[in-house]
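Reading through the structure tokens given below for one structure.
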Amino acid sequence: MTQALIAKTKLADLVSFLASCGKVVGPVPLGHGQFKFAEVSSLAEMALDYIPTILPPKKYFMPQYETLLRYDGADGQQMQAVVEVEELVLFGVHTCDLAGIQCLNVVFSDRPRDLHYMIRKNHITLIGLECSDYCDGFASCAMLRNHLPKGGYDLFFSELSDGYFVDIKTHKGEQLVEESGLFEPVSDAAREQLQELRRSKKQIFRSEVPIRYQDIPRLFDETFDSDVWTRIGEKCLSCGNCTNVCPTCY
Amino acid sequence: MTIPASLYAPRPCRLLETSDLTPQEKLFRLQLADDTSLGHQPGQFIQLSLPGLTEAPISIASSPTRGPVFELGVRRAGRLTSALHQLAPGATIGIRGPFGRPFQLDALRSGPLLLIAGGCGLAPLRSLIQYCQDRPEEFGAVHILYGARSPADLMFKDDLAVWQRSDRLDCRTTVDRTPAASCYDGDTGLLPELLSRLDFDPTDCRAVLVGPPPMYRPVIAELRRLGLDGDRRIMLSLERQMRCGVGKCGHCSIEHLSCCSDGPVFWLEEVENLRGAL
């Protein structure tokens, strides 16, 4: 099975099932229109219509603090490399954040491999969620062609009228579908609804800035000396915290 | 969970000996705690660490031809290096590496060499100079040109004296200024001036530059004027804030290049047109 359906009425049961198996993290409201990824135990705690969270889900792949090594000072600084891991399901990740995680995967799986990242990644199950419309007025996902799913997940949910069309990408995702017992085979009507959703998105998601995708590297290159960077640089404290909020920085 | 290896795990080293190079710089003789060889090549660097403090990239100042003991010339500049300067022989120091692209020895064997260093740049270049000393049959004439701010700032004075006495090496120093009471008998002025007075055959000559950023452009201009033009004639080692050492973290990026893994040694033409490189 590479695709499945789940009824909207069963989504709460799915989250409860996942929470009974281990830690589940999803988008939760913080108030004032802000959201964050945090541990949840039920669907009701989540806000699936969230805008990008304050910190991207990258924080579970690259924690802001982590123990890399343990050593005993009395033992001549003999270091023991360690990885802090926990089984985790990341629920409701949008395609923009999935794209960010895919960028990180490239960097850290490139030789020499970062074993800390690679091992932790294998303990995280990613469940993506498709945006049917823009989440806010600052999105630039269409310009970067990340408004559509391009892999990097175990399961990917697209909302239909009564349920979710689920793309199953990995063996881990397939196991989850089978063990929960909450999914059903895809119907022709569901396939048609998914195609309609994608047609509709073609009309909604247009490149937010009037430039061509393939020109972006050249444009950055040619505007290296622009006053824009001077103005932004004047505000910069060189604290490096921007790398925490960026989904692709490391 | 524990893992067998990590990119970020330092190896313990024993501090064997220290000696003063200048009032700000010390030489540290080290050996890996397991007595194995570091396995480095001239031009590479290590990440040095002390427990509770940070890491810092330090060039290896000795040649692999000198056995498993290796040396670092370190300026006292911050918390880590100040703590390092306080250590006594017998202390344990952590290192990661060796990292980076070394000097391209094969390309340096074809003709005369101009080895040009400014300030602390003599530390990595010393590794190459020792290599040339130990394998003289592999190299042509070697000219060493070293510039510092004052006679007191000249690093590796004992080595300089040995190199100046050597029949195989031509070693010259220059300083920006000489105090009145100094017994310094080298040149005064900037490196391009010293270079302009050098008598050498530019045919098949290669130059290697290591020094502070303001040194590069005037020295490169003088080298070109003297005939070192074209590709693979001038090799340089760039200094950046390396952190991970393996090309992942981006701290030492020069456009698309990572100084720590694509460098720190580059041919001039590889970096000359990259913004912020020189």
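Glycine too: its Cβ is placed from the backbone N, Cα and C atoms.
Now, the feature entries from TrEMBL:
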BINDING   B:Cys244, B:Cys249, B:Cys252, B:Cys260  [2Fe-2S] cluster binding site
DOMAIN    B:8-105  domain 'FAD-binding FR-type'
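Structure with TrEMBL features highlighted.
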residue	record	contacts (Cβ under 8 Å, 6+ apart)
B:Cys244	[2Fe-2S] cluster binding site	B:Leu7, B:Tyr8, B:His251, B:Cys260
B:Cys249	[2Fe-2S] cluster binding site	B:Arg243
B:Cys252	[2Fe-2S] cluster binding site	B:Arg240, B:Gln241, B:Met242, B:Arg243, B:Ser258, B:Cys259, B:Cys260
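Filtering of the binding-site residues B:Cys244, B:Cys249, B:Cys252, B:Cys260 by Cβ separation from chain A (threshold: under 8 Å) yields B:Cys249, ordered along the sequence. In terms of DSSP secondary structure, the domain 'FAD-binding FR-type' (B:8-105) contains 12 helix, 43 strand, 43 coil. In the shown protein chains, 28 other C-beta atoms lie within 10 A of the C-beta of B:Cys260 ([2Fe-2S] cluster binding site). Annotation note: B:Cys244 ([2Fe-2S] cluster binding site) sits in a coil segment as assigned by DSSP.
Within 8 Å of the Cβ centroid of the [2Fe-2S] cluster site, not counting the listed residues B:Cys244, B:Cys249, B:Cys252, B:Cys260, the chain contributes B:Met242, B:Arg243, B:Gly245, B:Val246, B:Gly247, B:Lys248, B:Gly250, B:His251, B:Ser258, B:Cys259, B:Ser261. DSSP assigns B:Cys260 ([2Fe-2S] cluster binding site) to coil in the three-state reduction, outside any helix or strand.
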